[in-house]
Amino acid sequence: WAAGNICRSPIAEAVFRKLVTDEKLENKWRIDSAATSTYEIGSPPDYRGQNCMKKHGIPMSHIARQITKEDFQTFDHILCMDESNLRDLNRKSNQVKDCKAKIELLGTYDPQKQLIIEDPYYGNEKDFETVYEQCLRCCKAFLEKYH
């Protein structure tokens, strides 16, 4: 999951981790999120995202980090939120020999066909709720396809 790694990606990570844990599949998955940029490295998730996760009873603990060359070599999937993430990730992956990860938009798994998960940073609580709902739909569909 990618961007500044404080809004959308930690929500997606927390949602997916909860789904996997509920299905007792946590030993089959390695789940993380990372930034494409350096802006927020070391920061906790945005407090509005944390509040949204609390409201839904989903544990969230993440410190923002930037994506690494090893991520491209060790993860099977790298899922991102929007076209600019996708461009950044594809550009970075081209500099990694033996890139194993399949890079795609998380929204490609949305049964409601909302391809882009918009950044809620400049929005309000409702925008974080929308991100949560999109991530939940997409993560469920992704898990069904790949578990």
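All residue numbers here begin at 1 and follow the chain in the order shown.
Backbone N, Cα and C atoms are what each Cβ position is placed from, and that goes for glycine too.
Nobody curates TrEMBL annotations by hand; they come from automatic prediction.
Per TrEMBL, the features are:
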type: ACT_SITE; residues: R8; note: active site
type: ACT_SITE; residues: D119; note: active site, proton donor
type: DOMAIN; residues: 4-145; note: domain 'Phosphotyrosine protein phosphatase I'
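Secondary structure counts, DSSP: the domain 'Phosphotyrosine protein phosphatase I' (4-145) has 70 helix, 10 strand, 62 coil. Distance from the CA of R8 (active site) to the CA of the residue listed as 'active site, proton donor' is 7 Å.
Taking the Cβ of R8 (active site) as centre and 10 Å as the limit, one finds 31 other Cβ atoms among all the protein chains shown.
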